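What Swiss-Prot annotates here:
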type	residues	note
DOMAIN	85-281	domain 'Lon N-terminal'
BINDING	Gly434, Pro435, Pro436, Gly437, Val438, Gly439, Lys440, Thr441	ATP binding site
DOMAIN	668-850	domain 'Lon proteolytic'
ACT_SITE	Ser756	active site
ACT_SITE	Lys799	active site
Amino acid sequence: MTYHNDSTDLETLEIQELETEMDDSMHEEDIEFNEFVDNTSEFEEAESNQQNEAIDGEHIANDQSDMDSTMTQLVTANSSKPDSLYLLPVKERPFFPGQTLPIILDKNSWSKTIKKVIDEKIHYIGIIYVEADDHHKAKPKDFAKTGTLIRIHEPKIKEDYIQLIAEGVCRFQIADWLSSSAPFRARVNYPNDIRNGSPKEFKAYGLAIMNAFKELLPLNPLYSEELKYFLNRYSASDSQHLADFAASLTAASNEKLQDLLDTLDLSERLEKVLSLFKHEIEVTKLQFNIRERVEENLSQQQREFFLHQQLKEIQKELGMVKDDRTADADLFQERLDKLELSEEATKKAEEELGKINMLDPQSPEYGVARNWLDWLTQLPWGKYSDDKLDLGRARKILNKGHDGLDDVKDRILEFLAVGALKGEISGSIICLVGPPGVGKTSIGRSIADTLGRKFYRFSVGGMRDEAEIKGHRRTYIGAMPGKFVQALKDCETANPVIMLDEIDKIGSSYQGDPASALLEVLDPEQNSEFMDHYMDVRFDLSKTLFVCTANTLDSIPGPLLDRMEVIRLSGYITEEKIQIAKHHLWPSLLEDAGLNKKQIQITPATIRHVIEGYAREAGVRNLKKQLAKLIRKLAIKFVNGDMEQTTLHVNDLEEMLGQPRFTPEKTNQQMGTVTGLAWTSMGGATLTIEASRVHTLNRGFKLSGQLGDVMQESASIAYSYIASNLDKYKADPEFFDKAFVHLHVPDGATPKDGPSAGVTMATALLSLARNEAIKKPLAMTGELSLTGQVLPVGGIREKVIAARRVGIKELILPDENRKDYDELPDYLKEGMTLHFAKHFDDVAKLTFHIRSKSSALKKYLSKAVISTEEKTEQETTS
């Protein structure tokens, strides 16, 4: 059930419809509040009458007689009050005598009850407060002690609800239950008010309530209609009805309102009502003060706005200031005069400037033209920074920022030397390729510092929208230029160093192919006339130096890769990592933690142990994480006061970093097992190849280890070559005819592919066929052809580093990779023994002992005799 407790709620759609349908008799009963005229003199006259009544005691008797007359009328009206009532439980708030409110009921829940009430001669029903959430399923214990008898006027049963006007008559209390479930019905009695006080006392209470009303009215205009109704219907002497009516207007809790309804002592009830009203006044005052402050702030802001507008208009009339359109046009014209625009850009700018002068500043086209001119005039047309081509200075900057990488530094210095001879450095596209954490991004920044150019970096990894490169067309809402135009604007020069990070991870989608869009940008023959879709004018990028980074070249499209000059950054060896940690990582981490070198020292042996046991990757990113973890562990002890300075030793690492993630790798010299060398995007690695014979009389060959197609083909070539040349390599010529061979590459969870393991697989198969392990610990790499030729492979530097890491000092490489090995720095070649093979015969001589043909034939014949005896025995048995 829903009913409305203030005049503002009467403005809802349902109540308006209900008021329209009310007949003339309802108007005579003063149910509609809107009939009262907003007349200030009426309120003043009522106030004057109240004051006169308080002063002149002679009127008290007359007022008492009026009250007696009113009570007589009430008794007459209530003489037909029923002994039993249908009850409407409500949970919103208690209903008070004297209230007249519209009520809306749920038809499904209360239609039976209302129909029974309508069928009776006088439409009486009881409204009583319940605490149950589901009030139409309330139990007798949920009902309050006291309810209100109401008279129903104009009940209307609609399609989904019932609407009626409820007029509160008097209090009732439940004496006995006739029906404890819906429709609720009970025998009731009607208690009388207890009047423990004189008429003067009650009248004083009435005046106090009226004064409270008068104090509340200026603070909350929502009470104006209720007050007019109040003044027209009640006087100060009618304290009983004043108390109930005043209580119905407060925002007190349901419990306090029900307590008022339960209170029969009139003096006590008036005290409680006054207390509630005083609280209502205090809350309303607080709300009024808050509202006043807010309105004052708003008024001040509005006043300032109007004054600014007036000032602006006055300044326009006096010629002291220009309007927005003129100001924008003058600003852009001033910028254009200072720029060295191309003829095409000048023509386009004049067209857009003409639009600025013609269009209304509020139109969308004006905003588009203004934004375009803003971008155009902020590009560095004809602005170039001076290159610093001092090679000595360049080498110092590179050495300061990076340890090792001498080949990369030399290549950068060569690039600068050519520029010094020409007097300028033309735009170039460099691609730095290497494992994560080897310093590709930092080298790009060092190149910019070396040249004295501005540096701008953005990542193209995961980029799928072509508009990120070449911008959006201006027809789109919120269109913006591409990344290269934004880079030129931020750098404010036309020859910055722009780094495209993670170019090997660029994507494509239905929105376009960013890699194809980069073809124009990264082509020295085309980027002198680069055209962004948003700008729609050509801009010269030929002086810009582009530096791209990638972990691998395999995923870069061929046409894009063809435009780049590739510089490989191989992984660091242990000695290089130690120097990087000592000179760069450790001091930087101490500074970030608020410590210094005197407080925490670390020995080179400790750094080496961290590298070999916890950070064996090609770069130094994970090494930095492990060193930072050590510093954090020690920082706790410094804060707790447990130490003032310390030196980290190898023995401290397991306690602080846990058990080592990596253990020393050992070469396996069992029969059929050979160590190979591999290259991945993470750097070089060793690769163990295992071959085993399954003893059956059936020929077969099986591969495992999650091998790619190319590696499977390499295995097939190795199998075919060894099987056809067993006699040549002094092995059993019929070995593969009677053996099912299984070739496995461990670490099966890691995908593997490539042709460089062909020689290693052939060596493992030959070891199995000869029943002989390789004669010394070594590692090898190379592609094998079907005729036994050893073909060149890539990643020689990474593979050499991987061999040094596991302690292998002897390697077999393809003869055509000799030049790649010779280019390696001396510190990588130191202590290494290299063999270069042109044919697999060279590999076999290095890996197996020389075996005479007679011994091999003797071994073969002995096996043949054993095989013949076994066959004869089987035939005899059968």
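Glycine residues also receive a Cβ, built from the backbone N, Cα and C atoms like all the rest.
Not measured: the values here are computed from a predicted model.
Structural mapping of features recorded in Swiss-Prot.
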residue	record	DSSP (3 states)
Gly434	ATP binding site	coil
Gly439	ATP binding site	coil
Ser756	active site	coil
Lys799	active site	helix
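Highest Cβ count within 10 Å among the binding-site residues Gly434, Pro436: Gly434. The ATP site is defined by Gly434, Pro435, Pro436, Gly437, Val438, Gly439, Lys440, Thr441, and by the 8 Å test on Cβ atoms against their centroid, the other residues of the chain that qualify are Leu432, Thr549, Asn551, Leu569, Ala618, Gly619, Arg621. For Lys799 (active site), the nearest of the binding-site residues Pro435, Pro436, Gly439, Lys440, Thr441 in terms of C-alpha separation is Pro435. Fewest other C-beta atoms within 10 angstroms, among the recorded positions Thr441, Ser756, are seen around Thr441.
Note: Lys440 (ATP binding site) has non-local neighbours Leu432, Val433, Gly434, Thr549, Leu569, i.e. same-chain residues 6+ apart with C-beta under 8 A of its own C-beta.
The Cβ neighbour count for Pro435 (ATP binding site), using a 10 Å radius over every protein chain in view, is 23. The most crowded of the binding-site residues listed here (Gly437, Gly439) is Gly439, judged by how many other CB atoms sit within 10 Å of its own CB.
For the pair Val438 (ATP binding site) and Ser756 (active site), the C-alpha distance works out to 24 angstrom. Between the C-alpha atoms of Gly437 (ATP binding site) and Ser756 (active site), the distance comes to 25 Å.
Note: the CA-CA distance between Pro435 (ATP binding site) and Ser756 (active site) rounds to 19 Å. Of all the binding-site residues listed here (Pro436, Gly439, Thr441), Pro436 has the Cα closest to the Cα of Ser756 (active site).
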